[in-house]
C-alpha cells in the first residue's frame, strides 16, 4: 500500500504546471494540511530527522521539495522516512559554496548517520536509491557515484567475511582472553588485546583502501591489501611482550624461529604474505607487488604524519603499550575525516554491535561466545548473500544465450576465489611471453607481401600514449597509478601478440597460402584486438572491467569492436569461464543497442547496401531456421553441452555448425545484390533487379557446371537426387525478342543444382538453343548474384521454383520441405550479414524466453517474430539510438492485441525484468524525439520520430495513473506491482533537443504508426483473406565444444565430437511389420554387424584374389562402428 498520503493522479504532460507554480501550490497545500493528517506527520518526522542530523537549511528545503515531487507522481511504498533519507543524501552531495575554494562537493553529513537516524539498513538504502535515481532522472555522474559506493560496500562486505577466518587463523580467539581488570588513569598503558587488534587492523585496512581510489573497488587488489595489513600487524604482534596471548600457536605460517618465546624477538618482523596467499586464495606475485608499491610507502607516510607511532625504519612498534592507544585513536580520527569529506560509507559498521540492523549482514564472529549461529544472524547472512547475488558488481551474469549451457557458480565458490582464479589464469596464459612478437610471428609477418611489423609497433605505441593520458590517477598517488597503467598495458601487449599469432595461423589453415596483407593492414581490426586484450586484462584485475571506456578512448566503433570478440575467444584457449561470459555480455550490449547509435558505422554499411537490411532467412544457415510449418531441419541431434563445462567457443551469438567465418568476411563491405526476396507486400523490387519472386525456400550453393550439348535435354530423375522444377523461364535476347523456356534442374554431385532448358519456342517454332545457354544454378535464382548473364541473354524468372526430393521408390518429397544436404550454406557472408545473423539470433533467444514466461503459443510467437523482423527491415531507423528489447516488447504487445490474446505492458515488462540483461532504463528512458540523422532511406522512415495524434485506447487501458516505485526493481519482488511507466519527472540529462519518455509513450507516438498497418493483416478480421507469410524463426542448435585443456599442468584435453548430419545410404532395407519375412530382419542384423549391405554385388577380384578395398569386409578385430565411422570420414573427404 502507498504510504505517501492521499495522492491524486498527475495531470497529463501537456497540462503540467511550471515548477514555480508547483512550489507555490505545494507550500499552500502544506500550510493547509491539518495537524493530524498523514502529510503533516511525515513532514514532522522529516524535521526531526534534519534536526538530529544538524542539516543545513538549503539541503533540507531541496530534499523536501524533491520528496513532494516524487510522491505526487509515484506511489512511494514502505517507510516514508527511508525515501526522505534518499532525498537528503542527494541534496547533501550537491556542490555547496565555501569561503576559500569557491565550491565543494557535499556538506560533510555522514551517510552512515543519515541511515542510522532514519533507521534504514545499507542494503535497503541501495535498493531504494536505485529507484529514486530512476524516478528523479538523476544525471549519469551521480548514478556512477552511487554504483561506485555500492561496489565499495560490496567489496568490503566480501572481504570482511574473509577477514574473520583469516584473523582467527593467525590470532587467538577473543573468548580465550582473560577478562580485563578495570584500569585507572595511571594504568592506561596496558598491552593490547586480540579484540583491539581485530578492530585496529580492520580500521587501518579500510583507511588505506579509501586512500587508493584506483583499487578501492577492486576486489582482488583490496583483498591483497588486507593480507598486507594482516602481515604487518602479525609481524608487530610477534614483537609484543604479550605475544603469547595474541598469536595463535597453531598458525601454519609460523616458523620455528618465530614461535613466541621468552627471549627477545627479532628486530625485523617476518613476512607471511606467501603463506597467507597459499592458505587463503591469494596470488603471491600480486600480493607482494601491492605490499612493495602501495602498502609500505603508505604506512611510511602514516609514520611520518605521526598517525602511527613506533620505529619508522622497519614499520614496527605501534602495538607496544605506549604507542597502541594513541595510534588507534589517530587512525580512527583520520578515517572519520575521510568519510565525511568523501561522503563514503563508514565501513566500521561491520565491527559494530548493531551490524545486523545497520548493514543487514552477519555479526562479528569474534564477539560470539558460542560457535552456533542464532536465527537472526542466519537470516541476516542470507539477506547479504541475496544482495550480493542480485548485485552485478562482483559477479558476471550468464547471458540469456548461454544460461542453458553453463551452470551458475557453485555456492562454495567465493567472489574472492573467483576473482583470484581469473587473474591466475591470466598470469598462466602470459607466462614466458614478452610484449613483442615472437620469432614465429615475425616470420609470418615478414612473409606477407607488405610487412606490417612496423605499422603494428607504431600503432601500439600510439595507443599506449592515449591510454596513459586517459588513465586519471589521484594526484597523491600518481606514480602508483601510472605503474598500474603500465602493467596493464604491458599484459595487454603480450596477450595481443599471442592472440594475433593464433588468429593468423587459423586464417592460414582456412585460406591456405592466401596473402593476409589486406586484413593485417586493417586498422580497425588491430585497434579492436588490442582494446579487447586490455578489457580482458582490466576485467581479470578488476571486474566488471572498463567497457565501453576502453573502446571509446581508442575511438573504436562498437560495430567494429564486436567483430573481434568471437575471433579472440576462438583463438585463445586459456580464457577462464568468467572472462568468456564477460565478453559475451559485451557482444550482446553491442548488438542490442551500442551498435545502433546515431554515429555508428552500421548505418553507413546499411546505406552501402542500398539502404536495405537483410532478412533473417538470408543471413541464417537454413539448418538453423525453424520453418513456419513446424518442420524442423532434419539431422541427428547435436551433442548437448555438459553441465559446468567451459564453453568458450559458444560465447558468441548465433554460432552455426558451419565453418568459422574468416577475418576477410568480418571486415568486408556488404555485397550489393539486385535480387531480393519480397517477404512483405509493400517491399517493391529496386531498379535493375530481376522480376523473379522467390518464396522462402532452402537453397544450395552454386557450383561451376559444363555447357549442355546443343540439343533438347530430357531429364530423368535419379533416386537420391533433388529435382528442381520450374514452370517457365523467360529469356530476353540482345535484339529484344522474348523467349519462353521450360526448364528442369537436377542436384549435382557437388551440392549445386544444374538447370537444363527443355525446349525453346521462338515465334511458334521449336528450336534447340541449349548450346548457347549455360546451365543455371539455384544461387542465380535466389538472387545472391547481381545478375545472371547467359551468353548474351538475360534470364528472368516469373514463377516460383519448386524444389523436390526424389526418393528411392520414385516418389517425390512434398515441395517446401527442408533439405538435409550438409552443403547448405548461408546466402550472405558479408560483415553486415554476419552482424544481422547475430542480431536475429539474440532477438530470437530473448523473444522465446519472454513468450515462455508470458504463456504465448508458438503460433503467436511466430507472428510476433514476423512483426519484429518487419520493424527491423522496413522501419530500420526505429532502432536508431534505441534498444532491441524495446522493439521486442512492443512487437509482443501489438501482435497480442490484434490477435485478441492481450498481454499488458505490465506483464511484459515484469517478465522482461527477469532476463539477465534487463535494465529499468530500457523501458523508462526511450528516445521519443531528437536530432536524428537521415540515412536517405525510404520516405516512411524519415518522419518516424515526429509525434502523432493517435488514440491511446490500446495502451492506456494497461496503464494506471500513478507509477509504483517498485517497478524500477531490476528483479521482480513478490510484493511489487507490475510496472506502469508514465512520464519522468526529473530534468532530462540527455543531449540537447532530445526528448525521452517511457516505453508506452514510444509505442503510442512512434511505434504503432509504423507497424499498425502491417500488424492488422494478422488480425482475426483478416483471417479469411490472404495474410503475409510468417518469417522463419531462428532455431537454437547447440554445437559441440571445442578442444579444451582440462589442466594447465597435464596435457589432457576434451575434444569435440563431429556429430554432423549422417548421409543417408543409397541402399536401404525396409522391414514392414506383419508383412516382411524374417529373413529381412536377419539381413538388417547382418548389415549392422558387418557394415555391408546384403544386396550389394561382390567387388571385382583383383589379381591377387582379394576384393577391392572399398568392398572388403571388415576384419574381425575391428568393430562395425569403426568401419562406419571410416566410411563417413571418406565421404566427407570427397565432398
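Backbone N, Cα and C define each Cβ position, glycine as well.
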Candidate ranges 357-394, 661-698, 1041-1078 [criterion: Swiss-Prot lists as region 'Disordered']: 661-698
Annotation match for phosphoserine in Swiss-Prot, from 73, 449, 920, 965: 965
Cα separation, residue 417 (O-linked glycosylation site) to residue 1031 (phosphoserine) (Å, whole number): 47
Arithmetic mean of per-residue pLDDT over the region 'Domain A' (414-613): 85
Sparsest Cβ surroundings (other CB atoms within 10 Å) among the recorded positions 417, 1031: 417
Mapped DSSP class for residue 417 (O-linked glycosylation site), helix or strand or coil: helix
